[in-house]
Amino acid sequence: MALRMWASSTANALKLSSSVSKSQLSPSFSISRCFSSVLDGLKYANSHEWVKHEGSVATIGITDHAQDHLGEVVFVELPEENGSVSKEKSFGAVESVKATSEILSPISGEVIEVNKKLTEAPGLINSSPYEDGWMIKVKPSNPSELESLMGSKEYIKFCEEEDAAH
């Protein structure tokens, strides 16, 4: 932990950021100054959820930044399939050793799939927030809601400003 804090403060002092190619994640993988991963090609909510929109399906999860701040995830509460979610409304909760946090939906739509693996292995959110730790798949009812979300560069800046304020 001390090494991570040193590296983070050194990167902040030097105003460093980097990009690393990691094909299993997406065509582009970025690391912010706080060393949380942020993927290009996803959309981000200011409540720290991400959306990957492909065709008529949007996959939703919490960001690496969010899981890092939560700590070890021990339980996940998710909605039922065929239910609906509404933009900026709670659809579940993540319980960690530190706290329980609501998960807000970045978009509205019908839940078409729930990641059942998270029931048995909630730690997937910590180890793989963008791949195995996804939470729900939604058929968006208003695809234009995606336009109000941040891209990767905007989200990195948002996280840096938020962390600086704390």
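Cβ atoms are placed via backbone N, Cα and C, with glycine included.
Given the structure is predicted, the values throughout are model-derived calculations rather than measurements.
Straight from TrEMBL, the features:
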- 57-139: domain 'Lipoyl-binding' (DOMAIN)
- Lys98: N6-lipoyllysine (MOD_RES)
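DSSP states for the domain 'Lipoyl-binding' (57-139), grouped as helix (H, G, I), strand (E, B) and coil, give 15 helix, 35 strand, 33 coil. For Lys98 (N6-lipoyllysine), the count of additional Cβ atoms within 10 Å of its Cβ stands at 12 [all protein chains shown].
Residues belonging to the domain 'Lipoyl-binding' (57-139) score a mean pLDDT of 96 in the model.
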